[in-house]
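Worksheet: the structure to be examined is printed underneath.
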Amino acid sequence: MSQLVIHSGTCITPFEVIKNGSILIEDGIIKQIGQGKKDFSTETSPHVDASGMFVIPGMIDIHVNGGKGANILDGTQQALKTMSEFHLRHGTTSMLPTIISSSISKMITAIKLVETAVNHPQSYKARILGSHLEGPYISKEQKGAHNPAHIRTATAEDYHPLLDYLETVRLITAAPEISGVLEFARSLEENDIIFSIGHSNAKYPQIVNAVGTGFSLVTHLYSVMSSITRQNLTRIPGVVESGLLLDELSVEIIGDNMHLPGSLIELIVKTKGIDKVILVTDAMRGAGMPDGSYYIGDKDDKNSIIVENGVAKTSDRQLLAGSTATMDVCLNTLISEAGLSLKDTVKTATLNPAKLLGIENQYGIIACGKKADIVLLDQNYQVQTVIVNGKIEYTKTNKGE
Ligand SMILES: [Zn+2]
């Protein structure tokens, strides 16, 4: 039996805050939680002294395209390993690699890669939970940095080849106003896939229909989506207002401190309630890399974006193109820019995505019986240690590596 004890830290479970908290891990599972270390066998077990640190559940990023020069559409195991290892160092212990609009064959290659990673977790640092398909059935008017050549309507002929590879697809972002999208969602009712409204120009009645069809999330709220329009003399809510209004919808927020100022994050939290807010990076391959020019998505598309001062933009500098953020940066943004408490912030990065994915029985919470995916943060919310399945996968060295 392998044991690990984490002691003397401030544990944010995130239902409660336990000062001077200790956690006993056995064979990758949390066995005991308490205060002080007297009841924990720290003399015989390997232990981590978390004095002066915050101990939080491992973070779950449901929207991450790449990092450290790699993108899931590179289609290689090495690319996925690179993304997984890079984001782990920033506190992500589980992720949904996010595949943007591409040809069906390229998307299937990436989905198969994710499927292999789901089935062989020992080869990856941060756990690969499944894939997030962002497109291709989205609005051309709200394409953002997606290649318009790959954006299309959802015909049965187009998505038919996908149907054999859906086992590990957990989330699909689509625009409900696009022809065939609601039928596509309805045809997958049995597959336990979450549908999210994103890159969409939908108006309120179309969004209500989408919710009726089972859509339960809004992808990167406020970015590349409709807002209020006027029809004759009346105003019609768009995706932004509907996302805020409808209780059936949770919302992703990009916490890179570029997409959303603190004031809008405050508005979102105030309107939705903290339990419906899910923190994501939307990181692209320029995350963890120097400024420069990078291909977004599939390299063969040669769809270049630029990263200047750490900000990813389309080549005409008119739009943000994903982010270079990591989950630790996103945590910091919510605390420093939007004034959220650490406990609430941690919920948006752990418990809330776990609940959305229906995996809170194992992940996203520090409690007895859950997987021991745990992150230690210093007082400035910088990641110090990352534990996955009870195993220390990363410890920050003095060199900051
Ligand atoms: Zn997007």
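Even glycines carry a Cβ here, placed using N, Cα and C.
Keep in mind it's a predicted model, so treat the numbers as computed, not measured.
Residues or ranges marked as domain 'Amidohydrolase-related' by TrEMBL: 54-392. Restricting the average to the domain 'Amidohydrolase-related' (54-392) gives a pLDDT of 97.
Around H220 (Zn(2+) binding site), the C-beta neighbours below 8 angstroms that are at least 6 residues distant in the chain are H63, G198, E252, I253, I254, H259, V280, D282. The Zn(2+) binding site annotation in TrEMBL covers E134, H199, H220.
A 10 Å cutoff on Cβ-Cβ distances gives D282 (active site, proton donor/acceptor) a total of 28 other Cβ atoms nearby, all chains included. Feature annotation from TrEMBL assigns active site, proton donor/acceptor to D282.
Listed in sequence order, the residues H63, I100, G135, I138, G144, H146, T173, S196, G198, T219, S223, V224, D282 complete the 8 Å Cβ shell around the Zn(2+) site centroid, once E134, H199, H220 themselves are left out. Sequence-distant neighbours of H199 (Zn(2+) binding site): residues of the same chain at least 6 apart with a C-beta under 8 Å from its C-beta are E134, G135, I138, S139, Q142, K143, G144, H146, T173, A175, T219, V224, M225.
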